[in-house]
Amino acid sequence: MALLGKRCDVPTNGCGPDRWNSAFTRKDEIITSLVSALDSMCSALSKLNAEVACVAVHDESAFVVGTEKGRMFLNARKELQSDFLRFCRGPPWKDPEAEHPKKVQRGEGGGRSLPRSSLEHGSDVYLLRKMVEEVFDVLYSEALGRASVVPLPYERLLREPGLLAVQGLPEGLAFRRPAEYDPKALMAILEHSHRIRFKLKRPLEDGGRDSKALVELNGVSLIPKGSRDCGLHGQAPKVPPQDLPPTATSSSMASFLYSTALPNHAIRELKQEAPSCPLAPSDLGLSRPMPEPKATGAQDFSDCCGQKPTGPGGPLIQNVHASKRILFSIVHDKSEKWDAFIKETEDINTLRECVQILFNSRYAEALGLDHMVPVPYRKIACDPEAVEIVGIPDKIPFKRPCTYGVPKLKRILEERHSIHFIIKRMFDERIFTGNKFTKDTTKLEPASPPEDTSAEVSRATVLDLAGNARSDKGSMSEDCGPGTSGELGGLRPIKIEPEDLDIIQVTVPDPSPTSEEMTDSMPGHLPSEDSGYGMEMLTDKGLSEDARPEERPVEDSHGDVIRPLRKQVELLFNTRYAKAIGISEPVKVPYSKFLMHPEELFVVGLPEGISLRRPNCFGIAKLRKILEASNSIQFVIKRPELLTEGVKEPIMDSQGTASSLGFSPPALPPERDSGDPLVDESLKRQGFQENYDARLSRIDIANTLREQVQDLFNKKYGEALGIKYPVQVPYKRIKSNPGSVIIEGLPPGIPFRKPCTFGSQNLERILAVADKIKFTVTRPFQGLIPKPDEDDANRLGEKVILREQVKELFNEKYGEALGLNRPVLVPYKLIRDSPDAVEVTGLPDDIPFRNPNTYDIHRLEKILKAREHVRMVIINQLQPFAEICNDAKVPAKDSSIPKRKRKRVSEGNSVSSSSSSSSSSSSNPDSVASANQISLVQWPMYMVDYAGLNVQLPGPLNY
């Protein structure tokens, strides 16, 4: 029986017989029994090829029964359930004054509850109600001609229907309390908010003196708004006449309304941080006088209001924009509803705006101001001792809100009431200007306690910090570009940040993990080399591209510090590597080889938490740590032959060494003419191939790192289950069952998820703490142990070993095809993109040639049985590996580098045999064409289905 049992809080309207009252104590059991019988009848009908879909509603519960297809139909169309439930309760959207006047009186405090069957998240309904309440308050204030927002007196207006006329409500809706509307009605009101008008038929006698203004037009108060009183009592503060033009008093609030959101892709392009200046009338949309909207009004709002909600079952916060007042209430009000809203919502834009409001408000409180001011993030990052941030959750660095993800934003908002800023001293201007000046004796010393300072110094500090925090309204948005400048000093003659919105700020000199995490916010998941080059390019080139002359000392000072450190570390690595291979002069370290073979090629003596990477990937703190431990750093090479696999760049210092590696360096004339086109073309071609191969090697490194992390997670998960071999981690089921599996030991700031979602830098950080990672299963759940296959139940651990053996076989055969007496790593991606370049014979008939990671255990066994017959023949030389051997054939002149496309393989997706490069596929042009159309990057462990975990293996395995 498929039982939803969603309880609804809507009071019944007498839809059921009186005998189903609560006086009948066993009515729930009888109803459940009858529904079960109904489900049995549906099962019997399904055996006769009949399909049934049934919705049963009783009191506060809804039941869905039927055949399998019928239940799928109803579950996919939950609006049918909610419509039927409302139909049983009576016609929707009726005027409560005519139908149920007593219920209106009774619900004035909290209102009637809404049927939850039409909405999954109660906190989203709460947000919609607050937004509709804001709309009504603004329209009522406009009708009064007030410059401030006045709460609408629902009790009096509903008691005297002739007092207020409401026009423009959606068809079928009557004016009542927002708490009495259902979610669809709330969304309809928000969609038509620009058409709604309030008109007072007769003036209120006490409305002028008893209305309470909640939000002034010159800014939002930092005091939490709290609960709102619907009655007409409370004194309204006087509004200065200069705060608002006379022409803007009556109709200027019309733009302070709500509408449904734009599509998700358009939302991402919008600015994602709230305005960090004091909320002026322009920020609330109240400063621009608007005429009475007619046809033009509907046209202006057509883009915002044309989108319908995706469905009543989804979280409606994805489909609405919350006003700044609502967001301010979320941040400052201590309400369980807002706490539930923060936990349930996944809208990153709303969360970022809330965190931005939180930081700006707390910073203003620290300055003693009564309005929000923008936080000078760059100044705090460069001079962290000036401002202390208290209460931020552990392992979350203080950064711009646009650099946080959803989990960190939620954690910050959960601790929002305990977060505070403490101003310790003024910012050291030498950090931002690079000038050396005599320190003013009136300024606060860093080491002196705050109580030793005079009131004048404190006042000067506040004015300086507040003045630096303010900026021109034209450039005040500070919205979501990670390097956006929000603290451009409006009163200062020198800009301290560039205007380019696309620059990522990575100039943090302290040893905090901010600079490393900023690289994760760069577009895409770059490998470690890309991250290093990207950071260097952005800091050294991008930041100074549009900078003024007086700004350049700031960037030069930071670059002057980090560049020599990088050169020293690079020289250190090259010297230690040359010593390990027996060469006296420094040799460039093949970082990719060390990352691809961590067991045979590694480095000892590095500081704790630092792995071998290019020096460009390190910040100042880690570079200094490496130099401090320079005497203990040593390169260990267990298998020297790995260094010669796939190497194209010979060591030009020694001809004998180059020859021993199987290369013949190009014989250039001693005096070459710079204008020789042949020489220039050969040099260009060589540089192009080097860049192309470097890109391929970085991709291979990233794939290798992901495979290693995946193997690590599978191994740790198997250990948590008490099994001695790896087990495929059920990521989706672990995510859907929070708390069932606890993962400990991950680096700070790295959440547990699929390795394919990490960049190379985070993958390296995970591998660096592999010994500390631990899985703990706290409670079982469905899918904890995958269902075993019939044939593979007893042989799951063997697949890893067989796969490595097939890899070694293919590498050996590929080396023989190149005319070398050693194994060579097979370029599976290049062969897949050019299936005619290499012909593989001797494989079993039903097995195409591809990456061994994609084979199942049966195919791996068949290949190993036929290993003596496997042969590889190179027909057309692969371009990036053209220099790997001396006897390779010269490629055709018109051959071009194949374009590669990367697609990730989803879980359980089988790789089609169209990527085969065997003789059968080379003779079939259709299969070759399909192979060129679909280019896949195989993630090896994601296609492994470890099952039968409680079955003993026949013997010990050396994993």
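The backbone N, Cα and C atoms fix where each Cβ goes, and this holds for glycine too.
Residue-level annotations in Swiss-Prot identify, among Lys334, Lys443, Lys495, Lys443 as SUMO2 cross-link. In Swiss-Prot, the annotation motif 'Nuclear localization signal' applies to 898-905, one of the ranges 482-489, 514-521, 546-553, 898-905. In summary, of the candidate residues Lys78, Lys201, Lys271, Lys399, the record from Swiss-Prot lists SUMO2 cross-link for Lys271, whereas the others have no such entry there. Taking Lys541, Lys684, Lys735, Lys807 one by one, Swiss-Prot attaches SUMO2 cross-link to Lys684.
Per-class residue totals from DSSP over the repeat 'GTF2I-like 3' (556-650), listed helix then strand then coil: 51 helix, 8 strand, 36 coil. Nearest in space to Lys337 (SUMO2 cross-link), taking C-alpha to C-alpha distance over the recorded sites Lys567, Lys732, Lys829, is Lys732. For the repeat 'GTF2I-like 4' (696-790), the model gives a mean pLDDT of 83.
Here the C-alpha separation of Lys567 (SUMO2 cross-link) and Lys829 (SUMO2 cross-link) works out to 34 Å.
Within 10 Å of its Cβ, the residue among the recorded sites Lys337, Lys732 with the fewest other Cβ atoms is Lys732. Lys567 (SUMO2 cross-link) has a Cβ environment of 12 other Cβ atoms inside 10 Å. Of the recorded residues, Lys829 (SUMO2 cross-link) and Lys732 (SUMO2 cross-link) place their C-alpha atoms 29 Å from one another. Around the Cβ of Lys829 (SUMO2 cross-link), a 10 Å sphere holds 21 further Cβ atoms from the protein chains shown. Each residue in the repeat 'GTF2I-like 4' (696-790) gets a DSSP state, and the totals come to 46 helix, 8 strand, 41 coil. Broken down with DSSP, the repeat 'GTF2I-like 1' (119-213) shows 48 helix, 8 strand, 39 coil.
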